[in-house]
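Q: Next up is a structure, given as structure tokens.
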């Protein structure tokens with residue numbers, strides 16, 4: 001197991017290097033450079049050159065890449081081109097809200113999808129199964145921002161049940177209840193796509209297990225239906241579901257960008273859209289890097305959880 | 001000619017008694033087509049999608065107005081005034097813009113998927129056939145690309161390249177290939193050990209001929225399913241990008257950028273004709289494609305149908 005873990009982490013390193021390189025190259029293809037944004041008519045050429053030197057943008061690309069990589073490894077992400085604050089500080093303030101949004105969405109997706117998936121597998125071809133399948137289909141097919149607009153229209157503007165956006169009510173004390181009130185709609189909407197695909201996974205996974213011989217054996221032994229389903233079937237059916245989390249995290253990040261924009265949620269996604277507008281490359285690179293590291297970490301954790309949950313999987317040798 | 005290859009190769013692999021690889025078909029394309037059309041939802045999806053395609057193709061003939069012609073702003077829909085779905089902020093006819101926008105969505109969907117299927121097929125086929133360090137390198141590259149938070153990277157790429165229809169297609173095409181590459185690689189790995197491939201080697205066929213004419217046609221089926229769902233994903237992505245202002249730029253109409261106006265609450269609550277129709281079009285397009293994808297998946301893998 002330890003062996004497997006080490007190997008898995010070692011494999012992640014070149015992947016991470018690839019991600020940083022790709023990220024860096026794309027951003028360096030950008031036309032125009034940030035200095036142009038600082039230029040105003042009162043600046044002399046010397047001022048401009050000084051500024052360029054400070055930012056180090058006249059150096060060859062690969063030198064810039066290694067300098068950036070080296071700094072980053074020491075936790076120095078550079079300075080934001082738009083607010084002149086350290087990127088680590090600017091982005092750091094946004095990680096919390098995004099984690100709250102994504103974490104609660106993932107949790108909601110599980111809470112919604114797992115019971116529905118199980119029920120729909122147990123009552124296969126019932127009206128419940130058909131409606132669950134249709135809802136999961138709609139969840140996957142309707143883009144987040146349309147659900148967001150519809151949600152704001154119905155629940156915020158028409159029925160006034162929830163706020164139209166933001167994380168806390170302006171000018172009021174930041175309480176947990178207030179946060180929850182603001183969180184429910186964006187989290188639910190971000191959860192729909194994940195929940196939709198998860199229902200299908202759970203359903204087919206449970207169906208597969210229900211057809212196995214060992215369940216017939218368990219029933220033949222005289223075990224109650226409750227024990228057969230909950231102890232024998234579900235434990236085995238849930239194992240493949242673990243992998244869905246790993247697949248979902250990259251999608252959640254993308255969904256978070258849109259959901260945060262629609263609901264004015266002050267997270268990394270919203271910062272990203274702002275940074276694109278102001279060509280704030282250091283901030284953009286830091287956001288993409290953090291997201292990529294989070295995806296890699298999620299994949300790693302998924303693999304470990306999978307290995308821990310399924311005694312039949314042995315990772316030591318290969 | 002290639003059709004014939006597919007059919008005969010299909011027969012060969014069926015008669016060999018080894019357990020069927022997931023990439024293979026039992027039966028030829030004709031039988032698949034028959035099963036596809038018997039699948040009701042897939043049929044409905046195909047009809048809807050065909051209607052959308054016709055709408056995109058004949059947009060200039062169908063649209064009642066010039067989608068760029070400016071008139072009186074915010075006219076509500078009316079049967080008598082001529083503007084069936086009303087007008088937008090600049091007084092342009094919403095219905096005509098809706099019809100023209102289908103061109104954007106369909107070309108993004110089909111264009112992006114065509115690019116990434118081509119890249120993915122090439123990478124996957126070469127990696128699977130040659131193996132060794134080529135394979136390792138290609139698979140590490142797919143790991144890198146699959147670890148990208150997809151939409152975020154596309155946002156950065158499009159903002160760097162400049163937001164336009166062509167660049168969106170390019171960005172989606174350049175990022176989408178890894179899943180196709182993995183499917184193809186897996187298929188090639190199992191098919192290349194078959195007797196008919198060995199026979200081809202013995203007959204002295206060139207490597208490209210073996211790979212592209214004899215192996216690839218037998219591993220393309222799962223890619224068809226992947227590509228169909230990929231069109232839906234590409235359409236959603238374009239709409240999302242345009243909605244964020246990083247996609248197709250006005251005055252060109254796209255269903256996504258028609259929804260930008262709905263970010264203001266006065267439009268959202270007071271002028272539903274501006275945002276309900278484009279939302280519906282996006283949903284209809286995506287659902288029709290997903291129906292087809294679902295049907296194809298059931299058809300390819302009858303065991304998976306429940």
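Glycine too: its Cβ is placed from the backbone N, Cα and C atoms.
I grabbed these lines from TrEMBL:
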{"type": "DOMAIN", "residues": "A:95-302", "note": "domain 'ABC transmembrane type-1'"}
{"type": "TRANSMEM", "residues": "A:9-30", "note": "transmembrane segment"}
{"type": "TRANSMEM", "residues": "A:99-121", "note": "transmembrane segment"}
{"type": "TRANSMEM", "residues": "A:133-159", "note": "transmembrane segment"}
{"type": "TRANSMEM", "residues": "A:179-202", "note": "transmembrane segment"}
{"type": "TRANSMEM", "residues": "A:241-263", "note": "transmembrane segment"}
{"type": "TRANSMEM", "residues": "A:283-309", "note": "transmembrane segment"}
Q: Of the listed stretches A:99-121, A:133-159, A:283-309, which one has the most C-beta pairs under 8 A with the transmembrane segment (A:179-202)?
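A: That would be A:99-121.
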Q: Using a Cβ cut-off of under 8 Å, list the residues of the same chain at least 6 residues beyond the transmembrane segment (A:283-309) that approach it.
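A: For the transmembrane segment (A:283-309), the nonlocal Cβ contacts are 1, 4-5, 8-9, 12, 15-16, 19-20, 23-24, 27, 68, 72, 77-78, 80-82, 87-88, 90-91, 95, 238-239, 242-243, 245-246, 249-250, 253, 268, 271-272, 275-276, 315.
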Q: Are there residues at least six beyond either end of the transmembrane segment (A:9-30) with Cβ under 8 Å to its Cβ atoms? List them, or say none.
A: 61, 64-65, 68-69, 72, 279, 281, 284-285, 288-289, 292-293, 296, 300
